[in-house]
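These notes concern the structure reproduced below.
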């Protein structure tokens, strides 16, 4: 293992790229990394033992009533124990009540933060499996999440959560793919497809013994020598730029190569991951905000109302002061108004001194127990919410949970609900319902499950022209995607898709005779059983232009078994119309028909690419892939060069039904 000294001359600068040599397998090499990069310990709590009292007092004094009663107590103290003016009410009657109320609020805040501390302890003490070198052999050792460092190689098994931001070096999948559930990070319920680094995937999965594949991959780590160059830590969960240098070669890295902390490995037996970012430098922590005091709307209203009360109190004190000064000679001899005792005279001018006296006397206009009463009500409401059977999710065995008690009554004041549609208002279960091909609509919407136009498509194939148009659409749907196939225990083919739309389309065309069977180093394989040319086809995958929200389309560049090079595209109708060879021939009527039925639409197109254009474009695409500056922009510009003059082939209409009770919830 080579020494790491060269890398650390600048590594501690968070604004510069980091160079991470691998594999780091011994404690001696790890010590150098521990001093450079932050620990993987994460703290989400708001208070510590040392700062709780001053920080909580500061937060409570942001409540106008607390500041008001503290001021009143101070004025009472001056009136009681100094000769400045008369204080007829003992200051401790107000101050002690204020102290009790603030203490009760502090206890509730401490209990809220105690739950955060417990969650932090649970998270930081979870166990990860780290690869460690012992007597020249690699083995697995258990470490706490908090002790994971940059450069560690971790073994993550199926349904395991990633303790840091990792670069997948190898996975159990032959193609190097793995699926990730990002619901904890972005709320999306569909799985995301990630890819292992190609050069390490091939080298680590190379089997030389009869050992299990994971054990063989771990043993092969000692043969690796390389380094990862990664961008500085940043917040975006959808972008990542870097490269891996190994055996005098470079391989570009992007977002599909980064496994984020807090996400979960799904439908994959195991992966080996290199830790790139830890603790506060992980994407999840950088996007989280420190716990802060949350002030509900009703508290803001009370704070504004306090201004009215204080204003009225000032006016009443002024009126009483004036009346007293005007009439005091008439009543001066009455003992019950002017009792004998200390401070018969005051040091302040009478007008100011007696105004303060009356101001204190009218202080009961604002009830001192107001905020404490609200705190008790909030705690009770939080208890009722947690124990409400109508808010219990039986499917997930999860009750409702009020994470911040002082926001409970906000539920009754909701005026607007902002929500996305897919997976929130809808079930996120997609089904192909209709197809528009060569001016004809196949299938129909209704209660029946699945695509109901199979018989009509079969009938249309007797017309050679229609058959060619149908096969062109089937080819796009079965080839232009990022779906990965696998087989269950019964040997039945199943698909795992990053997008539920893609999964629905691939499953539907498999039922229509174009069955995607898998990926390999050679490309994609499709089993065709719906036309005269029955058999297996392998398409060489030359390039993939991924879907983004800005591009609104996805395309693949493939070579047919016959040698023809095709660009197969599917995307949003507004974008595809601009890219069409003849925008006037665009099937807008069918699009409107699908939209009126609530179907999600995708437009399909293709273009045959001549060989000379292909070679020139692949060179541009390769440069864009390895660019460290604005890689996404470079790839988008490269895609724009080839995604033009498209032949529009058809439209898909996918149904995503609303969740049960959505209409009733919206009305209420």
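For all residues, glycine too, the Cβ spot is worked out from N, Cα and C.
Among the features that TrEMBL reports, domain 'P-type ATPase N-terminal' is placed at 36-84. DSSP states for the domain 'P-type ATPase N-terminal' (36-84), grouped as helix (H, G, I), strand (E, B) and coil, give 27 helix, 0 strand, 22 coil.
The transmembrane segment annotation in TrEMBL covers 65-85 (among others).
Residues or ranges marked as transmembrane segment by TrEMBL: 91-111 (among others).
Residues or ranges marked as transmembrane segment in TrEMBL: 306-326 (among others).
For 346-365 (among others), the entry in TrEMBL reads transmembrane segment.
Residues annotated as Mg(2+) binding site in TrEMBL: 420, 422. Under 8 Å, Cβ to Cβ, and six or more positions away along its own chain, residue 420 (Mg(2+) binding site) finds no residue.
Among the features that TrEMBL reports, ATP binding site is placed at 420, 421, 422, 502, 547, 570, 600.
Here TrEMBL flags 420 as active site, 4-aspartylphosphate intermediate.
Between the CA atoms of residue 600 (ATP binding site) and residue 422 (Mg(2+) binding site) there is a gap of 10 Å, rounded to the nearest whole number. Taking Cβ pairs closer than 8 Å, the transmembrane segment (306-326) reaches residues 64-65, 68, 350-351, 354-356, 358-359, 361-363, 365-366 in its own chain, all 6 or more past its ends. The candidate set comprises the binding-site residues 421, 600. Of these, 600 has the most other Cβ atoms within 10 Å. Residue 547 (ATP binding site) is surrounded by 20 other CB atoms, counting those within 10 A of its CB over all protein chains shown. When Cβ-Cβ distances below 8 Å are used as the criterion, the transmembrane segment (91-111) is approached by residues 47, 52-53, 56-57, 59-60, 66, 69-70, 72-74, 76-77, 79-80, 363, 368-369, 371-372, 375, 379, 405 of the same chain, each at least six residues removed from its ends.
Annotation for the binding-site residues 502, 570: lowest Cβ count within 10 Å of the residue's own Cβ, 502.
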